[in-house]
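Peer 1: Pasting a structure here, questions to come.
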(Lines of atoms letter the chains of each structure in order from A and count residues from 1; the text may use other names and numbers.)
(Lines give C-alpha, C1' and ligand atoms only; values in the text may rest on other atoms or scores of the structure.)
Protein backbone atom coordinates (compact mmCIF):
# COMPACT_ATOMS: atom_id res chain seq x y z
CA UNK A 1 0.00 0.00 0.00
CA UNK A 2 1.39 3.42 -0.93
CA UNK A 3 0.32 6.93 -0.18
CA UNK A 4 0.41 10.40 -1.67
CA UNK A 5 3.76 12.17 -1.89
CA UNK A 6 4.49 15.32 0.07
CA UNK A 7 2.74 18.17 -1.77
CA UNK A 8 5.74 20.50 -1.69
CA UNK A 9 8.18 18.12 -3.37
CA UNK A 10 8.74 18.40 -7.06
CA UNK A 11 10.61 21.49 -8.27
CA UNK A 12 14.07 19.99 -7.86
CA UNK A 13 16.96 20.40 -10.26
CA UNK A 14 18.85 17.45 -8.85
CA UNK A 15 18.23 13.76 -9.38
CA UNK A 16 16.45 11.44 -6.97
CA UNK A 17 17.98 7.97 -7.26
CA UNK A 18 15.88 5.14 -5.86
CA UNK A 19 17.61 1.80 -5.31
CA UNK A 20 15.25 -1.16 -5.46
CA UNK A 21 15.55 -4.92 -5.67
CA UNK A 22 14.60 -8.14 -3.91
CA UNK A 23 15.81 -9.19 -0.48
CA UNK A 24 19.28 -10.66 -0.77
CA UNK A 25 20.26 -8.64 -3.85
CA UNK A 26 22.72 -6.55 -1.84
CA UNK A 27 21.09 -3.11 -1.97
CA UNK A 28 22.19 -2.09 1.53
CA UNK A 29 25.75 -3.29 1.03
CA UNK A 30 26.09 -1.48 -2.29
CA UNK A 31 24.58 1.72 -0.92
CA UNK A 32 26.95 1.62 2.07
CA UNK A 33 29.97 1.09 -0.18
CA UNK A 34 28.90 3.87 -2.54
CA UNK A 35 28.25 6.20 0.41
CA UNK A 36 31.78 5.57 1.63
CA UNK A 37 33.17 6.23 -1.87
CA UNK A 38 31.30 9.54 -2.21
CA UNK A 39 31.69 10.60 1.45
CA UNK A 40 33.88 13.59 0.58
CA UNK A 41 31.38 15.05 -1.87
CA UNK A 42 28.82 17.63 -0.85
CA UNK A 43 26.66 16.99 -3.93
CA UNK A 44 25.82 13.31 -3.27
CA UNK A 45 23.53 12.46 -0.35
CA UNK A 46 22.50 9.02 0.94
CA UNK A 47 19.30 9.40 2.93
CA UNK A 48 18.15 7.17 5.76
CA UNK A 49 14.60 5.87 5.66
CA UNK A 50 12.23 6.25 8.57
CA UNK A 51 10.77 2.81 9.36
CA UNK A 52 8.35 1.45 11.93
CA UNK A 53 10.84 -1.34 12.69
CA UNK A 54 12.87 -1.76 15.87
CA UNK A 55 16.41 -0.47 15.40
CA UNK A 56 17.94 -3.75 16.55
CA UNK A 57 15.96 -5.82 14.04
CA UNK A 58 18.83 -5.89 11.54
CA UNK A 59 18.96 -4.68 7.98
CA UNK A 60 19.73 -1.17 6.81
CA UNK A 61 20.69 1.82 8.92
CA UNK A 62 17.37 3.58 9.48
CA UNK A 63 15.54 5.90 11.84
CA UNK A 64 13.23 3.73 13.92
CA UNK A 65 9.89 5.20 15.03
CA UNK A 66 6.68 3.87 16.52
CA UNK A 67 3.46 3.70 14.51
CA UNK A 68 2.23 6.75 16.43
CA UNK A 69 5.45 8.63 15.77
CA UNK A 70 5.27 7.78 12.08
CA UNK A 71 1.66 8.97 11.88
CA UNK A 72 2.61 12.26 13.54
CA UNK A 73 5.50 12.74 11.11
CA UNK A 74 3.24 12.00 8.14
CA UNK A 75 0.61 14.46 9.38
CA UNK A 76 3.22 17.19 9.84
CA UNK A 77 4.56 16.79 6.28
CA UNK A 78 7.85 15.25 7.35
CA UNK A 79 7.95 12.84 4.39
CA UNK A 80 8.53 13.46 0.70
CA UNK A 81 7.18 9.95 0.07
CA UNK A 82 5.89 7.21 2.35
CA UNK A 83 4.43 3.76 1.85
CA UNK A 84 3.52 0.51 3.57
CA UNK A 85 5.00 -2.89 2.79
CA UNK A 86 5.38 -6.18 4.66
CA UNK A 87 3.51 -4.83 7.67
CA UNK A 88 5.85 -1.84 8.10
CA UNK A 89 5.69 1.83 7.16
CA UNK A 90 8.57 3.51 5.35
CA UNK A 91 9.23 7.20 4.78
CA UNK A 92 11.73 9.32 2.88
CA UNK A 93 12.40 12.56 4.80
CA UNK A 94 11.04 15.72 3.15
CA UNK A 95 14.38 17.49 3.61
CA UNK A 96 15.77 15.59 0.61
CA UNK A 97 14.11 18.34 -1.45
CA UNK A 98 16.64 20.85 -0.11
CA UNK A 99 19.56 18.90 -1.61
CA UNK A 100 17.65 18.31 -4.84
CA UNK A 101 16.84 22.03 -5.18
CA UNK A 102 20.60 22.68 -5.14
CA UNK A 103 21.12 20.32 -8.08
CA UNK A 104 22.53 17.50 -5.97
CA UNK A 105 21.95 13.76 -6.18
CA UNK A 106 20.01 12.01 -3.42
CA UNK A 107 20.17 8.21 -3.15
CA UNK A 108 17.44 6.35 -1.25
CA UNK A 109 16.52 2.75 -0.59
CA UNK A 110 13.04 2.40 -2.07
CA UNK A 111 10.45 -0.15 -3.09
CA UNK A 112 9.29 -1.26 -6.52
CA UNK A 113 5.70 -0.99 -5.29
CA UNK A 114 6.19 2.68 -4.36
CA UNK A 115 7.95 3.88 -7.52
CA UNK A 116 4.86 5.63 -8.86
CA UNK A 117 4.82 7.74 -5.67
CA UNK A 118 8.48 8.61 -6.09
CA UNK A 119 7.78 9.55 -9.71
CA UNK A 120 4.92 11.84 -8.64
CA UNK A 121 7.14 13.54 -6.04
CA UNK A 122 10.38 13.83 -8.00
CA UNK A 123 10.41 14.90 -11.66
CA UNK A 124 14.02 13.78 -12.13
CA UNK A 125 13.83 10.19 -10.94
CA UNK A 126 16.33 7.44 -11.75
CA UNK A 127 15.88 3.87 -10.58
CA UNK A 128 18.70 1.40 -9.94
CA UNK A 129 17.30 -2.14 -9.87
CA UNK A 130 19.78 -4.36 -8.04
CA UNK A 131 19.29 -8.02 -8.93
CA UNK A 132 21.07 -11.32 -8.59
CA UNK A 133 20.46 -14.82 -9.87
CA UNK A 134 17.86 -16.91 -8.01
CA UNK A 135 20.63 -19.22 -6.81
CA UNK A 136 22.63 -16.31 -5.37
CA UNK A 137 19.54 -14.77 -3.76
CA UNK A 138 18.61 -18.09 -2.16
CA UNK A 139 22.13 -18.54 -0.77
CA UNK A 140 22.22 -15.04 0.71
CA UNK A 141 18.75 -15.35 2.25
CA UNK A 142 19.61 -18.73 3.77
CA UNK A 143 22.83 -17.28 5.21
CA UNK A 144 20.78 -14.60 7.00
CA UNK A 145 18.84 -17.31 8.81
CA UNK A 146 15.64 -15.26 9.09
CA UNK A 147 13.45 -17.55 6.95
CA UNK A 148 13.03 -21.26 6.37
CA UNK A 149 14.18 -22.81 3.11
CA UNK A 150 10.52 -23.21 2.10
CA UNK A 151 9.80 -19.53 2.81
CA UNK A 152 12.79 -18.49 0.73
CA UNK A 153 11.73 -20.66 -2.21
CA UNK A 154 8.20 -19.22 -1.99
CA UNK A 155 9.63 -15.68 -1.92
CA UNK A 156 11.73 -16.33 -5.02
CA UNK A 157 8.79 -17.89 -6.86
CA UNK A 158 6.58 -14.81 -6.38
CA UNK A 159 7.50 -13.20 -9.63
CA UNK A 160 10.00 -11.44 -11.84
CA UNK A 161 12.70 -9.21 -10.41
CA UNK A 162 12.18 -6.54 -13.06
CA UNK A 163 10.69 -3.10 -12.54
CA UNK A 164 7.28 -2.68 -14.13
CA UNK A 165 6.19 0.74 -15.31
CA UNK A 166 7.49 3.71 -17.25
CA UNK A 167 10.62 4.54 -15.26
CA UNK A 168 14.22 5.35 -16.15
CA UNK A 169 15.77 2.11 -14.87
CA UNK A 170 19.37 0.94 -14.80
CA UNK A 171 19.82 -2.76 -14.05
CA UNK A 172 22.70 -3.73 -11.78
CA UNK A 173 23.40 -7.46 -11.56
CA UNK A 174 25.04 -8.30 -8.23
CA UNK A 175 25.47 -12.03 -8.84
CA UNK A 176 29.27 -11.77 -8.97
CA UNK A 177 31.82 -10.18 -6.67
CA UNK A 178 30.79 -7.27 -4.47
CA UNK A 179 33.79 -5.31 -5.77
CA UNK A 180 32.50 -5.60 -9.33
CA UNK A 181 29.00 -4.52 -8.31
CA UNK A 182 30.43 -1.63 -6.26
CA UNK A 183 32.29 -0.34 -9.31
CA UNK A 184 29.09 -0.57 -11.38
CA UNK A 185 27.17 1.38 -8.73
CA UNK A 186 29.85 4.08 -8.56
CA UNK A 187 29.92 4.35 -12.36
CA UNK A 188 26.13 4.79 -12.48
CA UNK A 189 26.25 7.57 -9.89
CA UNK A 190 29.24 9.23 -11.60
CA UNK A 191 27.19 9.29 -14.81
CA UNK A 192 24.29 10.96 -13.00
CA UNK A 193 26.63 13.52 -11.46
CA UNK A 194 27.73 14.43 -14.97
CA UNK A 195 24.07 15.07 -15.85
CA UNK A 196 23.54 17.58 -13.04
CA UNK A 197 26.81 19.48 -13.55
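Glycine is no exception: its Cβ is also placed from the backbone N, Cα and C atoms.
Pulled these from Swiss-Prot:
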BINDING   21, 22, 23, 24, 25, 26, 27, 28  ATP binding site
Peer 1: With Cβ-Cβ distance below 8 Å and at least 6 positions apart along the chain, what are the contacts of residue 23 (ATP binding site)? List them in sequence order.
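Peer 2: Those within reach of residue 23 (ATP binding site), by Cβ under 8 Å and sequence separation of 6 or more, are 137, 141, 155.
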Peer 1: Counting every protein chain present, what is the number of Cβ atoms, excluding its own, within 10 Å of the Cβ of residue 27 (ATP binding site)?
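Peer 2: There are 22 of them.
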Peer 1: Using DSSP and collapsing to three states, where does residue 24 (ATP binding site) fall: helix, strand or coil?
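Peer 2: The three-state answer is coil.
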Peer 1: Neighbour count, 10 Å Cβ-Cβ cut-off, for residue 26 (ATP binding site): what number do you get?
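Peer 2: Excluding its own Cβ, residue 26 (ATP binding site) sees 25 Cβ atoms within 10 Å.
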Peer 1: How many other Cβ atoms are found within 10 Å of the Cβ atom of residue 24 (ATP binding site), counting all protein chains shown?
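Peer 2: Result for residue 24 (ATP binding site): 22 neighbouring Cβ atoms inside 10 Å.
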Peer 1: Among the binding-site residues 21, 22, which residue has the fewest other Cβ atoms within 10 Å of its own Cβ?
Peer 2: 22
Peer 1: Around the recorded ATP site, report the further residues of that chain (criterion: Cβ within 8 Å of the mean position of the Cβ atoms of 21, 22, 23, 24, 25, 26, 27, 28; site residues excluded), sequence-ordered.
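Peer 2: Here the non-site neighbours turn out to be 130, 132, 137, 140, 174.
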